[in-house]
Amino acid sequence: SHALVVSCLCGSAPCLLCGCCPSTRSSTISRLIFTFFLFLGTLVSIIMIIPGVEEQLHKLPGFCEGGSSSLGIQGRVNCKSFLGHKSVYRMCFATAAFFFLFALIMICVRSSKDPRAAIQNGFWFFKFLILIGITVGAFYIPDGSFTSVWFYFGVVGSFLFILIQLILLIDFAHSWSQIWLRYVNEGNAKGWYAALLIFTFTFYAVSLTAVVLLYVYYTKPDGCTENKVLISLNLIFCIIVSVVSILPKIQDAQPHSGLLQASIITLYTLFITWSALANVPNKYCNPTLLVRNSTAGLVADGQVTQWWDAPSIVGLVIFLLCTLFISIRSSDHSQVNKMMLTEESPAMLSGGDPSMEDGAHRAYDNEQDGVAYNYTFFHICLFLASLYIMMTLTNWYRPDEGSQMMTSPWTAVWVKISSSWAGLLLYLWTLVAPILLPGREFS
């Protein structure tokens, strides 16, 4: 039994889960375990922001040096209020470094016969030790300019991850409408069409409500021009995208493109807009800024600043769903496959061969002929996800060491808005590419 335990900890992913799940592709299980590592890091980060825990963090080495710990004028945050923020930066630095390391190791792995594929799909115990080692090391990073430099890494990574989430949403909506339209062809057409219509209508109704609420809460009749312009622009862009998705020419080239995808993309764009407006550093135009930056109660009852706001919580949920989807997706949307570098290899098309030895459930190797997904790109996605979750948990705020205050920079607003525009352009491209490049196969 001792040998069995050793082989399980050092062996391939499947054996960890042999008994508990039906025969599954080893490629999927490996991705799920890596995603679990990321979720573990996220969970630790969330725990570190909880006020009660945050107060204890100053006992960790390397913290609270350099910043003054006195609490002066109202509106200032003492050193200990930065601790949760700094810890999240360090924890996410560790997970990001971990995935970046694997992205480098796995460059150009073509099939499971490559010796490096064994590292991707096995040795989980040692990988876990490496992750813990990097994390411990990260907390010893001195408190100089690390936070302010890593902030910019976080900004760029988050911009890219917002786009990856959008591509995944396009893919999800595509698969969804395709499956339901298949049901339509099989029978009971009215019922399935009605269901598609109801969902599409609901998404548009929620989007419309969202626009109205954004105008109500984040603009004032006599000011806040930037906010008005941003909301109006994104509203117009979403309408354009929705109209383009049902043009006859587009419909001929792509019968599966329709308003369901457009409605999901519209909703996501408005979520990003809301998230951007929640970062506008102007209290007059942004009522939610006050809640998160208020330290009025800090002197009275030693209360720590409140970090959670609605956009962050919604962002966290979307992040969890998207990272899970990265792990289990095997898509047939060819443009998305090109963007996500999951070419339909022989392994994906044949589905591998489930080996049911002794009637036991086994995970089978479905990558003998070719990898089912690009290992490096998968790790880069998780690397960017680590940076995105770091920015989400800290609300994209920056600790300003000079004035001892937490500030919400305009950088955050513009990065989010530009990522929403880039995302709409990407979606528009998936619609018009088959018409503009008729020679290439996009079906």
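Quick reminder: no glycine exception, Cβ is built from N, Cα and C everywhere.
Straight from TrEMBL, the features:
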| type | residues | note |
| --- | --- | --- |
| TRANSMEM | 32-53 | transmembrane segment |
| TRANSMEM | 88-109 | transmembrane segment |
| TRANSMEM | 121-141 | transmembrane segment |
| TRANSMEM | 147-170 | transmembrane segment |
| TRANSMEM | 191-217 | transmembrane segment |
| TRANSMEM | 229-247 | transmembrane segment |
| TRANSMEM | 259-277 | transmembrane segment |
| TRANSMEM | 310-328 | transmembrane segment |
| TRANSMEM | 372-393 | transmembrane segment |
| TRANSMEM | 413-437 | transmembrane segment |
| query | Between the transmembrane segment (229-247) and the transmembrane segment (413-437), are there at least three Cβ pairs closer than 8 Å, leaving out pairs fewer than 6 positions apart? | reply | yes
| query | Which bits of the chain, at least 6 residues beyond where the transmembrane segment (259-277) starts or stops, bring a Cβ under 8 A of a Cβ in it? | reply | 162, 165-166, 169-170, 172-174, 176-177, 196, 199-200, 203-204, 206-207, 210-211, 214, 218, 227, 230-231, 234, 237-238, 241-242, 245-246, 286, 311, 314-315, 318, 412-414, 416-417, 419-420, 423-424, 427
| query | Is the count of Cβ pairs under 8 Å between the transmembrane segment (310-328) and the transmembrane segment (413-437), pairs 6 or more apart in sequence, 3 or more? | reply | no
| field | Most Cβ pairs under 8 Å with the transmembrane segment (413-437), selected from 32-53, 88-109, 121-141, 147-170, 372-393 | value | 147-170
| note | Maximum Cβ pairs under 8 Å to the transmembrane segment (121-141) among 32-53, 88-109, 147-170, 372-393 is reached by 88-109
| query | Which of 32-53, 88-109, 147-170 has the most Cβ pairs closer than 8 Å to the transmembrane segment (372-393)? | reply | 88-109
